[in-house]
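According to TrEMBL, the protein carries these features:
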COMPBIAS  258-270  compositional bias 'Basic and acidic residues'
COMPBIAS  284-295  compositional bias 'Pro residues'
DOMAIN    2-106  domain 'HPt'
DOMAIN    334-556  domain 'Histidine kinase'
DOMAIN    558-690  domain 'CheW-like'
REGION    257-308  region 'Disordered'
Amino acid sequence: MTNMDMSQYLGAFLDEAGDNLKHLDDLILAVEKDQTDMDNIAEIFRSAHTLKGMSSTMGFDRMASLTHAMEDMLDSVRRGTYSLKAKDIDLLFRSLDTLQAMVDSIRNGNGDGSVETDDLVAAMRNAPKEVQAAGMQPEDAPSPGEEKEFSGQELQWISEASGLGLNVYEVRVSLSPDCLLKAARAYMVVSRLDEMGDIIKTVPPVEALENEEFDHEFIVYAATSRSLEQVRDAVARVSEVVGADVCEVSRDSAVLPADREAVEPPKEKAPAAGAGKEVKEKTPPPAGSTPPAPAQPQRKSEAAKKANQTVRVDIGRLDKLMNLVGELVIGRARIERLVQEAHLREFDEPLSQLGRISGDIQELVTKLRMVPVSFIFERFPRLVRDLSKTLGKEIELVMEGQETELDRTVIDEIGDPMVHIIRNSIDHGVEIPAERKKAGKPEKGLIKISAYQEGSGVIIEVTDDGKGIDASKVRAKALANGTITEEESAAMSDEEVVNLIFLPGFSMAEKVTDVSGRGVGMDAVKTKVESLGGQFDVSTEVGAGTRVFVRLPLTLAIVLALLIKVGDETYALPLENVEETILVKKENVKTVHGTPATLLRGDVLTLCNLAEMLGTSRNGEEAGDEYPVVVVKTGKTRIGFIVDELIGQQDIVIKSLGRFLSKIRGIAGATILGDGNVALILDVAGLYGR
């Protein structure tokens, strides 16, 4: 197949490789906790094998070589000739990082050749050899003569497959005597069976098949929901396969040593298939066991059918679809305005129907763009594991609400800020075991990450049980580096002092490390969250820990907004930030510390003249004896924006201002109104920080 032919599969390869690497990350973390879990080790082996086959087919030889080395080391573990050690887990994680670097390099059009793998490959190939050289081979290591017998693990897989209602087949494959690419044909057969179910065992082993260390015949044992005929047909369709004998294997027949001639298929094979079925039907289940429920295979089939109905959609297409829905919303608003102005009552019903349909389409497209926060949460276990080892800390990570969904755009933007929050908790929050023990805490610290939907937004909380943020130390640091003066310090509460950590360049780290201390931190996190229309807050207690609160909008495309008038211009305030609207009598406006304010239900509410903040003038500022005020909230702060007029609520489509105007503080974007005019969308956090 030519390079041009292969290029059409590159996107699918990158997607599949990414999924496999994420799966491997979870599996290796699980094996690190329990290195005797053979199920997970076997699953890592299968994932590495899948990656090897994919990368080899695509021509990425370095990736294939690295995954082959992983596969070899894990196969030694599966066979009982080698036991994983802590250094091997580190090797697997380093290999995983290298594979990810290769995938990134391939995605950028640079192939996999720029990433060095020789040291990793050599280390993994040498690990089992070191044990053998030291004479430490386990007693239960299988001898060469036992190659064709089922191991206890393989028997367990056969039993589990039967319990799930799957069929276990012995597939004896004969290749043409003239076949020149035996390894390639064997790989195609094994891959085809692997796509139909799970491979239990091959005779000879996979390595021998890859190295063409067999004549022209081999055996594959596979579990699948497909029928015997479907399996036979699938194998027979592989080029240069001249024989495909398939028979069913039961749990009882599998315990017999498979010492038949592996390369001489019996002449009369059909009765064996029937006999296998008969044993399966007539043999009663062992005493005390629960026979599998008859409905189980059907449920599995339905689940598989549902999975087959899922398709991958390029995010660019969803973006385009959302833009079209946005145009539909704008068009609907314009029609509604024209109908109202012309007093065309006969259009009310069809217009209402159009509104319902366009609303349903908008909701559906929004849901299509939603992905679970597990997309960003899944990187945290590895992050906590690596940093804990680097810093000599013991930390347990608890994650909740991973199924909570957010718009894909928000997910893409919030990943790095969340990583920084976790790093901060590990580095500055959780103490080393000796300090925790001295403070009367468990030696193992806790970091808890929770996500849940609240109203039209999603809350993500990161809580640790560390030492908390000491306001006195923050105050001293701020005074030492000139961030605040003695007079300012005396007037600040502890809560205000803690908020100094959000200032650009401010860091509490005593020294610069690979983890932190560069002064590019919480201020960048807060800025990013607020640029997404979210809210960011921190609460802490010395000796008890810290809680970071992040509130994010469900979507950034179409939002409900409050339209207001300031001077001759109309502006939009996302309703997510609006608490309420009130009318304030002029005589109730007082000056507090040089700032206008009023009392709202007993609390002081700071007032800001929005016209002054935007650099424009108000209309009719002296007319009337009341100010229309929009009460908004940013973080823990509530303020009131004095405006000229409150117009009402409306769905708005957020449009970018483009590259040259995107950095204007206080402006989040623009939208097109029903009358065709453009209104700027205000960024509350940006305005208040001006």
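Cβ atoms are placed via backbone N, Cα and C, with glycine included.
What you are looking at is a predicted structure, and each value in this text was computed from that prediction instead of being measured.
Using DSSP to sort the residues of the domain 'HPt' (2-106) gives these counts of helix, strand and coil: 89 helix, 0 strand, 16 coil.
Per-class residue totals from DSSP over the domain 'CheW-like' (558-690), listed helix then strand then coil: 16 helix, 75 strand, 42 coil. Taking the domain 'Histidine kinase' (334-556) as a whole, pLDDT averages 86 in the prediction.
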